[in-house]
């Protein structure tokens, strides 16, 4: 375990942009090192106090849907090399699960989420801020596949949500947050050149911290 503060890489972008692919590529490159992934998706607000009809109205693409206070608290604890208990979100019940995931601190933290660059408090904790930029048509196709296969949604509900929620929220909150990125990666996880540049930059930062 390092004696210095861990390196935090923030990876943002629209739903279906390829954030997970970029995150996995970086994680796989450094998997022999001390590295972890912290997903903003796990930090949706607990809604157990609300009836199901109210939970179903949740706008998961709005900044207020996230419990960023808890996410920031956990990130600060990990930066202090303290263990945290990451929440699990149940998308079928539309609320936080009673289960948790213990997360041990690591020297490299990849923070991934659609709106992590929208919150200045999170940006302040990042060493590298990345925005994965992908064509809207490709993003909706990826989101449809994920929500149908992994979250039990119907195609009609996914399309309706995209038109009425996802697209306007992307234009209002996610796209504007791109200006806070240090690096913008077009073509998502297929852009191997950009990923290689990121890997080199991360390795340089890690080496500098070791030599401090």
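Glycine is treated like the rest: Cβ placed from N, Cα and C.
Note that this is a predicted model, so its numbers are computed, not measured.
Taken from Swiss-Prot, the feature ATP binding site applies to 13, 14, 15, 16, 17, 18, 19, 20, supported by sequence analysis.
Taking the centroid of the Cβ atoms of 13, 14, 15, 16, 17, 18, 19, 20 as the ATP site, the other same-chain residues with Cβ within 8 Å of it are 114, 132, 134, 139, 142, 188. Most other Cβ atoms within 10 A: among the binding-site residues 15, 17, 20, that distinction falls to 17. According to DSSP, residue 19 (ATP binding site) sits within a helical segment. Within the same chain, residues at least six positions away from residue 13 (ATP binding site) with a Cβ under 8 Å of its Cβ are 19, 114, 131, 132, 133, 134, 174, 188. The C-beta environment of residue 18 (ATP binding site), restricted to residues of the same chain at least 6 apart in sequence and closer than 8 Å, consists of 132, 134, 142, 185, 187, 188, 189, 190. For the binding-site residues listed here (14, 16), the lowest count of other CB atoms within 10 A around the CB belongs to 16.
Residue 14 (ATP binding site) falls outside any helix or strand according to DSSP and counts as coil.
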